[in-house]
Amino acid sequence: MIVQEPLQVIVWDCLNNYEYDNAIFLAERLHAEFNSEETAFLLGTCYYRAGRINETHNLLQNISLSLPQARFLLAKCSVDLKFYKDAENALGTNMDVVVAEFGEQAPYALQLLAKIYTITERKSKAAEAYRKALSLNPFMWKSFAQLCNMGEKVEPSQVFHSSSEFSFGISTLVNLVNNSENISITSPFIPNNNSINNTVTPNNMVTRTSMPMSTSITPDSQVSVKRMHSVFSGIAPIPFSPSFGMLPMDESPAMYTPTLTDSNEQKAIPKIVNSLRAHVGQLKDAVFSPSGPRCTLGPAPRRSSRLFCTNNSSYSVKENNKSPSRKFVAPKSPSRKNKQRSVKNVKSNTETNERIKNVEATTPTMTPKNSNVVGLLNLLKDLGEAYKSLAFLDCKIAIKQFKNISAKQITSPWVQTMIARAHYELAQYEPAVKVFSEIRKQYPCRTEGMDIYSTCLWHLQREAQLSALAQELVELDRNNAISWLAAGNCFSLHKERETALKFFKRAVQINPDASYAHALLGHEYSVAEETDKALSSFRTAVSIDPRNYVAWYGIATVYAKQERWKSSEMQIRRALTIHPYSGVLRCQLGLAQAALGKMDRALATLERAVALDTDNPLCRFHRASVLLRAGRPQDALPDLHHLKDMVPKESSVYYLLGKVHDKLGNSHLALMHFCWATNLDPKGMSGHVKESFDPSKPEESSERP
């Protein structure tokens with residue numbers, strides 16, 4: 001007959017050590033023997049971690065679920081499989097009920113519920129769920145980031161605040177203790193000192209029968225370095241660990257002091273145990289209960305003896321207890337000196353126990369104030385301010401805020417990626433490429449942000465770098481959409497439209513929810529003159545992410561090609577509400593206004609575009625073209641001469657200069673610039689030059705956008 005509790009522990013041990021095949025095999029044996037919701041949840045967890053999502057969903061959906069952990073796992077599987085209605089039913093729709101039913105797991109359940117609301121286009125309810133998740137647990141960074149990405153106004157100083165009312169649950173704390181480096185505990189959660197009837201598994205699952213505690217203290221716990229209390233990992237013996245969330249153990253009033261009157265077993269208990277007891281006051285005598293087996297002197301017992309030990313001391317493993325019986329000899333009468341020393345040690349031991357009780361009474365919950373997580377919350381607040389600025393595309397402020405982060409954090413790849421992305425949003429492609437290249441050198445296996453990196457290289461026309469990047473990413477992970485986006489940008493730069501479209505389609509196939517991938521596919525369709533497919537891709541992009549201004553800009557350019565200028569102006573204004581600091585978007589708006597005959601508005605818009613982005617050649621080029629159309633060729637010359645220095649190999653600049661000189665009556669200068677434009681682009685410019693000198697054509701025909 002299979003015993004349920006030890007096998008559960010073995011399965012969790014396999015999961016914690018990433019041995020999923022073994023965990024699945026044992027969990028299937030357990031579920032076959034004990035067909036219950038608890039064993040089904042354990043088996044489903046094994047399937048899910050091994051990537052067998054369909055099997056997990058099929059297992060749990062055919063069971064009447066009452067455990068919140070099982071319902072949450074079913075909801076996650078349903079979301080992954082895009083069964084959003086089933087996921088919502090598993091979690092519930094009333095957020096207050098979700099909080100009450102899921103307990104400590106409520107923030108994660110609310111975050112998953114918010115994701116469902118976002119996908120099903122219920123933005124207000126999604127924002128409410130994200131905010132509630134943050135109010136329950138301020139460390140839910142993903143919820144904060146999603147609120148910013150949705151365009152919701154959220155104040156980091158109010159979210160990541162030291163007075164936020166949240167607490168770590170007792171079962172969560174037991175898990176933190178279980179995962180510490182120096183203490184291995186498999187303990188039941190004991191609500192009080194009188195009853196033992198539940199077991200806490202590594203996933204906080206309460207089983208129906210009790211299971212004794214087994215404690216093993218390894219010799220490695222006697223570390224000579226200064227030890228620290230850690231809120232997140234029990235005891236951290238590493239002297240160079242982060243300072244936030246840490247309290248020096250030397251200041252704790254509950255340090256264990258061994259005395260001469262202790263037994264041999266008590267001498268073997270390190271100071272770390274009593275210090276941990278003083279820190280986790282909620283557990284009181286639950287974890288380190290006298291009812292459990294005492295720690296033995298010498299090497300730690302083998303895992304098998306720890307897993308299968310019981311309260312009865314007679315059930316001991318033979319090789320771990322070589323002398324099961326101990327002969328007690330009546331001690332001799334102690335000397336006078338030893339008597340005095342014993343009395344003193346008894347008094348000091350009593351005082352220590354009283355201090356432990358006092359500390360336990362004064363630490364009922366783990367709040368940020370007494371667990372010293374203020375440093376972490378302050379760090380999250382600083383990162384939140386910078387991320388919020390970036391999400392609202394106030395990129396210059398975002399760069400300053402990210403650079404004010406601590407030196408250790410600013411060198412991390414995530415912060416560097418955010419800085420590079422801010423440069424990209426400002427159309428500062430050179431600085432962005434510089435940051436991204438450093439990230440590639442230090443973290444060659446990192447793919448986050450590499451799609452933006454490839455787009456920056458595309459704008460700078462760095463063919464060799466872009467080809468190398470695309471090849472490296474595809475070799476690194478062929479199942480990552482970012483790899484194929486880089487490959488698509490590479491072939492787009494080489495003007496190989498069919499191949500580029502094939503790779504962009506592959507990226508969309510791998511990740512259908514990637515809004516940026518749909519936007520790049522739409523732009524490639526637009527260049528290939530497939531306007532209907534381009535519009536379809538752009539609309540898919542904005543349906544996934546309504547704040548994707550690149551897709552709104554793409555729709556505006558397609559309408560401009562179709563000479564639907566009113567619609568183009570409307571779409572570009574929508575993009576500007578998302579990114580009001582973009583010079584490129586204002587350029588497109590100026591062109592639409594000029595085509596509608598609003599020359600004064602168009603010039604004012606283009607003036608602002610140049611002021612926003614003085615180094616962007618596109619803004620100056622469009623301002624010069626609108627000035628020429630408005631009958632002010634002389635005013636267009638400074639911009640065009642400046643563009644000759646900025647982009648000396650751009651044929652359209654020389655062509656426009658030729659038209660300006662032709663208007664001014666400088667025929668020899670006009671002819672010279674037309675020749676230069678033809679030399680730079682023989683195929684593209686020859687037709688335009690002929691139109692400029694053909695007197696049979698109306699003058700305004702060559703000036704249409």
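Glycine residues also receive a Cβ, built from the backbone N, Cα and C atoms like all the rest.
Per TrEMBL, the feature repeat 'TPR' maps to 107-140, 481-514, 515-548, 583-616, 651-684. What TrEMBL records for 314-353, 686-705 is region 'Disordered'. Residues or ranges marked as compositional bias 'Basic residues' in TrEMBL: 334-344. Annotated compositional bias 'Basic and acidic residues' per TrEMBL: 688-705, in sequence order.
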Sequence-remote contacts (6 or more beyond its ends) of the repeat 'TPR' (583-616), Cβ cut-off under 8 Å? 426-428, 549, 553, 556-557, 560, 563, 565-566, 568-569, 572-573, 575-576, 622-623, 626-627, 629-630, 646, 705
Secondary structure content, the repeat 'TPR' (481-514) (per DSSP, counts of residues): 27 helix, 0 strand, 7 coil
Please give the average pLDDT for the repeat 'TPR' (583-616) in this predicted model. 89
